[in-house]
Amino acid sequence: MGKRGFVDKHNASGAEKQQKQVDIIEKLGGYDNLVSQGAEGRVFAVKFCGRDTIVKQRFKKTYRHPTLDTKLTRSRLGMEARSMMRARKLGVATPTLYYVDQQQSAIYMEKVPGKSLKELIREDSMSEKDMEDIGAQVGKAVAKMHDGGLIHGDLTTSNILVRDDDERTVVIIDFGLASNSIIAEDKGVDLYVLERAITVTHSSQALFEHVMTAYRRASSQWSSSFNKFAEVRMRGRKRSMIG
Amino acid sequence: MGFEGSANKVAVGVVSHTGDILSNPRKTYITPPGTGFLPRETAEHHRQVILDIVQQALDEAGIAPSDLDCLCYTKGPGMGAPLVSVAVVVRMLSQIWKKPIVPVNHCVGHIEMGRVVCGAMDPVVLYVSGGNTQVIAYNERRYRIFGETIDIAVGNCLDRFAREIGLSNDPSPGYNIEQLAKKGTKYIDMPYTVKGMDISLSGIETFAKSEARTKIDAGECTAADLCYSLQETIFAMLVEITERTMAHCNANDVLIVGGVGCNVRLQEMMRVMVGERGGKLYATDDRYCIDNGAMIAYAGILAFMEGQTATMAETICTQRYRTDDVLVTWRKDK
């Protein structure tokens, strides 16, 4: 009950409205199985139609203006579902999408067994070969998305999973900030975010180099993306102009 | 004693090694509404008033130059001409008073001052000012930048908008936007650009300025509405990237520093977010948020106690000096 009460506080968009809505997450007992609480929302683990499922619910951000909040939550939910499907069509491994619940701002998807790249780097358990293989897969996946005009928008090591199977397939998750774009600038920024996530947090230069090598091989537009990447990087570094 | 002059403020502060502020006078170069401060004129202003401020700092602290341990100055980042004008004074005083010089990174000055004033141990730092917009967290002897603006700084964006609608620069354009925003009632949808942990502000600046040009005269909205909407949108972006950094670093507390940090609305929004995560917000008022001499003195004395001083030839200034370039030798935690 305690957890439920906490969730209510965030969803308090009018008592009558609440009564009409069916809260599937509650029915499935999701609120008792909180997996994590990120910056954007909460993630629950449930059994959905007999499958292990991850439910990602976006919550109201009470600090921001209600109009802005509704706009952002709605557009990001729709965009996330659409982008995940687009990535799959482009041949990038993502979790399977099961269901989108507009009213509860929740997305239901397959639970991928495995660890995040962040955990793997922290554990320091990857061999030189693992690093090369995983780096190459990440580079290829990003290249496929970019060539297909999809920008992930939040390529951090927590959003890259490695599936627990023989192939150690790299699965890209969290398309919450994804957008459609064929502009090299956006691709450059995407790569820059990835570079910073890998090298700043984990100081793992070698891994990022494998990513870039694979990206170069897999993308037909690598040269324009790389040029913009270098430009964005320079801009980032110069950002300390005035006190 | 610390000397600051990286932008339109020139300030001198006297601080003890425990962070007690003995004096902290400051003067701001204020330009007429609709104009900004240019490097040459700003440096000229600093040159004219700095010696009086030094005397004032000594008088208020009630000490003689011989009581000082070292002279600390802002090495960068900042505008070249104002930085140099202050560094020249420090070199001169160092030779007259026979005191060693300690160069200080301006951003690190803000962070250390905020930490000592608020007593925040290991917070995620949001550094927002006229020239900088960074989300910083300490990791292995460096203040690492997790998110930042990929184009213009928050304060710069607000200042430029203030110039467009002709707001006064006294005491600062940001303060006047904040006051005017309180009268705003209508929320106008504006571009919201968060890219991972970074934000972009040039788009919203152009948008807000063109809205001001077309809609205010047409009576569709007021300048107050635009100030209100601009603040709401930009600050939501800042809170969002700060929250993302907190999630990434598993941190609970936030410290806001820099000139824009004294905006009460930003502090309010941040407090709500931090409260929901069960953490604490540390924020300061205009005495410490805005550029001041005490922050340079305090960051400098921390380095001085680690034996870091500069020879005369090393007392240079640099316009580009990243926060993560500084090896933080005085912090022993990981």
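Heads up, the Cβ atoms here are built off N, Cα and C, so glycines get one too.
From a predicted model like this one, the values you see are computed outputs, not experimental measurements.
Per TrEMBL, the divalent metal cation site holds B:His106, B:His110, B:Tyr127; the candidate it also names there, chosen from B:Asp291, B:Asp324, B:Asp325, B:Asp333, is B:Asp291. Site annotation for substrate in TrEMBL covers B:Tyr127, B:Val128, B:Ser129, B:Gly130, B:Gly131, B:Asp159, B:Gly174, B:Glu178, and the matching candidate from B:Asn24, B:Asn263, B:Asn292 is B:Asn263. B:Gly131 (substrate binding site) falls within neither a helix nor a strand when secondary structure is assigned with DSSP, and so counts as coil.
For B:Ser129 (substrate binding site), the same-chain residues 6+ apart in sequence whose C-beta sits under 8 angstroms from its C-beta are B:His110, B:Ala153, B:Val154, B:Gly155, B:Gly258, B:Gly259, B:Val260, B:Gly261, B:Asp291.
Within 10 Å of the Cβ of B:His106 (divalent metal cation binding site) there are 30 other Cβ atoms, across all protein chains. Around B:Tyr127 (divalent metal cation binding site), a 10 Å sphere centred on its CB holds 28 further CB atoms from the protein chains shown.
Candidate binding-site residues B:His106, B:Tyr127, B:Gly174, B:Asn263, B:Asp291 yield B:His106, B:Asp291 as lying near chain A, with Cβ-Cβ distance under 8 angstroms. DSSP assigns B:Asp291 (divalent metal cation binding site) to coil in the three-state reduction, outside any helix or strand. In three-state terms derived from DSSP, B:Asn263 (substrate binding site) belongs to neither a helical nor a strand segment and is classed as coil.
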